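Trainee: Dumping the structure here so I can ask a few things about it.
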Amino acid sequence: MSLSLNEYLRYGRQLIVPEFGLQGQISLKNSRVLVVGAGGLGCPALQYLVGAGFGTVGIVDHDTVDISNLHRQILHTSETVEMLKCESAKLQLAKLNPLVQINTHPVALSPDNSFGIFEQYDIILDCTDTPATRYLINDTAVLLGLTVISGSGLKTEGQLSILNFNNTGPCYRCFYPTPPPPSSVTACSDGGVLGPVIGIMGVMMALEAIKVVSGYYLREDVEFQPFLSLYSGYGPLQSLRTFKMRRRSPKCRVCNAGTREITRHVIETELDYAVWCGKMDYNVLEKDERVSVEQLSAQRAPYLVDVRAKEQYSIVHLPNSINIPLNALKHMDTLDVPKETMIYVICRFGNDSQLAVKHLKSIGYENCVDVIGGLTQWSRQIDPNFPIY
C-alpha cells in the first residue's frame, strides 16, 4: 500500500526524518493500534497516533467525561461532559485526521471481551490505572502475540515500558508476578496528578508505538533492550531516567510456554482479575458506628477529625475540624482527648473515615463514628457552596 498525494503533504515533515522515512509511514498506514483508556494518558497518545497516520485506531473506554477530567484529558471539552469518553475522543480525532479509521469500543474491558477486541489490532497501548485491568491487558496481549506499550502517571511522576516486545520480550507478569496490596494502590482521584506530567507520558507512549510499528527496534544497528523509563516533573530540574530491565522470567505463568498456567480458556472461564488483585474493603463498620451528614450538622460543637491528607485539608475543610491524616493516625495510640469523648470522623468520600474509626476503636476510643459519604455528601446535602474537588 502506497501513499496518496494528500498523505505525502500531510506527513511530509515526518517522512524526511532519517530514522522514519517513507517505509515507516507506510507501516503506520497498514497498522491497527488499540488504546485502552481515553483518559490522561490515552488522550495525548491518541492525538499523536492519529496525527501520525496509523491506519486504524481503536479506543476502549466505557466511562463518561467528567468536568474533573478536563485539566488533563485534553481531547474532551466542556461541551462533551457526560458523553462517553471514546465518542468524545473520536469527535476531536476525526477533525484532526479524517484519513484515519477510528473505532470505538464503549465497554469495560473484561475476560469476556478482551480477546475479541484485541484480535482486531496489531499493537496495544495500556493507558489504564488499575492492576486488574493491567494484568488482563497483559495476559490477553501475550497470548495473542501483541506488543504492549505501558505507561502510568501520578502526582508529578510517570513511568513507561514496552512489554512482550515482538512476542519475545518480558511481560508485565515477569516484573510483577503478584499484584500489589490494594492498600498500596493510589488512583489519581486520591493522589492527584498534574496534567502536563500525564500528558508527557502519553506522548512518549505514542512515540514508542511509532518506533515499534515502523520497525525501528528491528533494525540491524538497533538491539531492543527491555527498559523502564521514570519521569519526574518536579525538583530543581525535570528528569528522565531509563533503566535496563531483565528479560523474560523463566517462571512466568503466561509468557513462558514451559511454565504457562494462564491460557485463553483460563482467562475466559476461570480467572477473576478483580478478586485475584484484591479490593479495598471499606465496609468495615456496623450501622450504629456511622452517622449521616444531617446528623453531624445537628451537632452544636462536635469533636470532628478530618483524616484527609494535609494538602487536601488546606484546600477546604469544615470549621473547627481537626486534621489528622489517616496515615499518621494509624501510628497513633492516643489522642489529646479523653477516651470517652464522642468523636466524629470525616474524609472526602466516607471510605478512609471508616478505616480511621476502626483504628480509633482498637486503641480504646469506643465513642467514635464516621460520617457517611464524607465531605462530598456534605456538599450535596448540607452546604451546596462547599467545594467538591
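From the backbone N, Cα and C atoms, a Cβ is placed for every residue, glycine too.
These came from Swiss-Prot, pasted as-is:
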ACT_SITE  Cys188  active site, glycyl thioester intermediate
ACT_SITE  Cys347  active site, cysteine persulfide intermediate
BINDING   Gly40, Asp61, Ser68, Asn69, Leu70, His71, Arg72, Lys85, Asp129, Thr130  ATP binding site
BINDING   Cys171, Cys174, Cys252, Cys255  Zn(2+) binding site
DOMAIN    298-387  domain 'Rhodanese'
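Are these features on the surface or tucked inside, and what are their neighbours?
Mentor: When Cβ atoms from all protein chains are considered, those within 10 Å of Cys188 (active site, glycyl thioester intermediate) total 19, not counting its own. DSSP assigns Cys188 (active site, glycyl thioester intermediate) to a helix.
Look at Cys347 (active site, cysteine persulfide intermediate): DSSP puts it in coil.
Cβ neighbour count for Arg72 (ATP binding site): 22 (other Cβ atoms within 10 Å of its Cβ, all protein chains included).
Packing around Cys171 (Zn(2+) binding site) is summarised by its Cβ count: 26 other Cβ atoms lie within 10 angstroms of its Cβ, all protein chains included.
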Trainee: Give me the count of other Cβ atoms within 10 A of the Cβ belonging to Ser68 (ATP binding site).
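Mentor: Here the count is 13.
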Trainee: Want to know which recorded positions, from Cys174, Cys188, Cys252, Cys255, are within 10 Å of Asp129 (ATP binding site) at Cα; which are they?
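Mentor: Neighbours among recorded positions, in sequence order: Cys188.
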Trainee: An 8 Å radius from the center of the Cys171, Cys174, Cys252, Cys255 Cβ atoms defines the neighbourhood of the Zn(2+) site; name the other residues of that chain inside it, in order.
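Mentor: Output for this site, in sequence order: Asn138, Val142, Asn164, Pro170, Tyr172, Arg173, Arg248, Ser249, Arg253, Val254, Asn256.
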Trainee: How many other Cβ atoms sit within 10 Å of the Cβ of Asp129 (ATP binding site)?
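Mentor: By my count, 21.
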Trainee: Kindly state the mean pLDDT of the domain 'Rhodanese' (298-387) in the predicted structure.
Mentor: 96
Trainee: Going by Cα-Cα distance, pick out whichever of the recorded positions Cys171, Cys174, Cys188, Cys252, Cys347 is nearest to Arg72 (ATP binding site).
Mentor: Cys188
Trainee: Among the recorded positions Leu70, Cys174, Cys252, Cys255, Cys347, whose Cβ has the fewest other Cβ atoms within 10 Å?
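Mentor: Comparing Cβ neighbour counts within 10 Å for the recorded positions Leu70, Cys174, Cys252, Cys255, Cys347 gives Leu70.
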